Amino acid sequence: MSELDMSQYLGIFLDEAGEQLQQLDEAIVKLEQTPDDLDLLNTIFRAAHTLKGSSASMGFNRLATLTHRMESVLDLLRQGKLAVSREIIDILLASLDKLRVLKDSIAAGNGDEGELGDIVARLEAVLAGEAGASPRDKVPGSETLTLDDIEQNVIRAAQVKGFQAYEIRVQLEEGCQMKAARAYLVFNNLKEAGEVIKSVPHTQDLEAEKFEDTFTLAFVSREDADTLANIVKSISEIKNVTVRPISLDEDRLVAAEVSALEQENGSLAARAKANSKASEQRITQTVRVDVQRLENLMNLVGELVIDRTRLAEVGNGLKARLGNEELLETLEEVSLHIGRITSDLQEEIMKARMFPIDQVFNRFPRMVRDLARKAGKEIDFIIEGRETELDRTVIEEIGDPLIHLLRNAIDHGIEAPEARLKAGKPRHGTVRLRAFHQENQIVITVEDDGAGMDPEKIKARAVAKGLISREAAARLGHREALDLIFLPGLSTSEKVTDVSGRGVGMDIVRNHIEKINGTIDIRTTPGKGTCFTIKLPLTLAINRSLLVQVGGRVYAFPLANVVEIIDITPADIQHVHRQQVVVVRGRVLPLIYLGQALGLARAMPAGENYAVVIVGLAEKQIGFIVDNLIGEQEIVIKSLGNFIGKIPGIAGATIMGDGSVALILDVRSLVDNLGVEASRELAS
Amino acid sequence: MATETAAEIQLVVFQLAGETYGVDINHVQEIIRMQSITQIPRTPVFIEGVINLRGRIIPVIDLHKRFNLPRAELTNNTRIMVVELGQVTVGMIVDSVSEVLRLPAASIEPPPPMISGIDVAYLKGVGKWNERLIILLDLDRVLRESEQRQLQQEIAAGVDLR
């Protein structure tokens, strides 16, 4: 195999291994909460098995060795020979971490080098200590039902016809005299309700009484589980019956087949089950596409959008000149149609760039679990809206801020169990992570029912750290005081832990979110809890902007940065330390002519009225005087390219409907560029 | 035959402050009429701004300013020559574009030490064609190194009129 081929496979292998590790991670954390979920265990087992196979075939022996041990432990769990315990979960998670290290090492080109350490020994200890571990409901003489391909196919065929497959485990009473006869009765009575696919032990052995007191059947039927259980229970000398639906290893039922099942199946419960199964297991067909290709498509569509506008403009121009001509009406029709199609195309491509936010959320359960254990807290972590979709670029940026917020919630928000009980709250704290769409935005909330924040304490802290003066603190309202936590260098936690509380964090969180044109808001009630609300644009490629004119040129302010627009007269402009300021509702805002801020003009042109765009960035608010306001518009952001590079104050360019180019302002760097005087003005 | 064509280079010939220049046709993407250019703040003076070239944002430089040549009036003949070099696409303002020429490679000589005010470092050589002197620009040097460096220096120095 040539080197190129190998590297191609390696990429796929690493991608898949990453997905499998993530899947394992999530599933194992879930397993801790629902240790009896056999489906889940099977999922975990399969993922580990697949990983083992692919590692071995790629020649990564350490990876294969470790997954093999994990698989053995998982197998014991699956067979019920080992019970799920916190220790075993810990060991499994630690194994995953080690696997990740190995995978990263492979990705870095170092092969799966590195010591496996004691993790293999720990897994082996679990395997060896199997006898000592408490087995899950192990029934002597019973065997787990495994189905071969033919039997699985029979079940699949039956499922299409509206049958459901069950595993029926029958336990006879101890000392039952005629075991073979009882087994025969079971078979006979069940025959009315469906068909036996398989029996363990085999029917011949049952007839020859070659079994302890338990046997297991694979059975297909249109009846529900309770009915089947009752049929068996009606026979005397039966001690126990369990009936469980069988889910095939790879449920390849397509939606159509499921709906066929629904139609034929009269039982409501079964229908509900089929529905939930379909939504869980429907495999969506996907294609991996180079991200760059999507970006290119997006750019091309951006151009189409512009041409669509131009086409409409040309049409209008012609109409004004030529009046109502038949040909013009056709042109108008075509132009409208192109417009609609372009909008649809744009939307579809936007969607193609969208990912469910679960891509970010899926690593959090593990993180929360680990942090909570480390901090000695008991936390129920609830995630809602995993399927909410947003742009790839936004997804990449949102992870870190959310980690910060979750850490804060666990470390500072949720109290220790004893403290919670004392405060009359349940032992378990709740951290809730939610994502949902609201108009053209994604809203993400991180909420805890912990101790909340006290604005007075925050103020005192900020004063003690010399971040604001005592007088300034006294003037701050409830909300403004809360905003202080976004100042660099402020930490409200009394003790510094290795999780959070070093006074870096909230300012970084805010920076990150603003970088992607988002906003963050806090609501908190002392003693009740805290809720952070993050609002993000759906995409970074298209931006709602406020267009303004300065020196005959058009500039675009990202709307996310615009707080409000006011009209002032020269009399409203005051001076503080040679800095122009304006007082807006008692707040003193620095004022600058946009032309000056951009370095394009030395002075502001004289006038009767000025339009002022007030922009907000973190704790700063600044007013920019502009010549004219044009209006709001959706614009496609384009880079200025490598040749020009990064220009302070300019985020990029966009093409307007008339084909001209307008520059998009980078409000953050524009404000930063104005120097300290602006921010000092506000802090004091 | 093959050797003959290999020994030839094809040039786009243009006028700049009274002199005749040429660049390799392989680097020239297209030639467009002068159009409205959007000025970009805080860039070196020779960067005129950006234009919309069928949906692409292309920077435009003024070669007069680039080489400190006397400023020319905009005329009906003024053109933007869009050149492409590696990853960079740039429009260059020239006084006029006259023709496309094939020049035998043998007729190209190294540039004389001083020529009409342009630093020799930016020249590939000088070609003679029908008694005319054609100055060959080294686009690589013009567009890449020096400009990048100058740009970075000027930005670092914080070009600021305030």
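Including glycine, each Cβ sits where the backbone N, Cα and C put it.
Bear in mind that TrEMBL entries carry predicted annotations, made automatically and left uncurated.
Predicted-model confidence for the domain 'HPt' (A:2-106) is 81, expressed as mean pLDDT. Here TrEMBL flags A:2-106 as domain 'HPt'.
Here TrEMBL flags A:282-540 as domain 'Histidine kinase'.
Note on the domain 'CheW-like' (A:542-676): DSSP counts are 18 helix, 75 strand, 42 coil. Annotated domain 'CheW-like' per TrEMBL: A:542-676, in sequence order.
The annotation phosphohistidine is assigned in TrEMBL to A:His49. Cβ neighbours of A:His49 (phosphohistidine) (same chain, under 8 Å, six or more residues apart in sequence): A:Glu71.
Each residue of the domain 'HPt' (A:2-106) gets a DSSP state, and the totals for helix, strand and coil are 91 helix, 0 strand, 14 coil.
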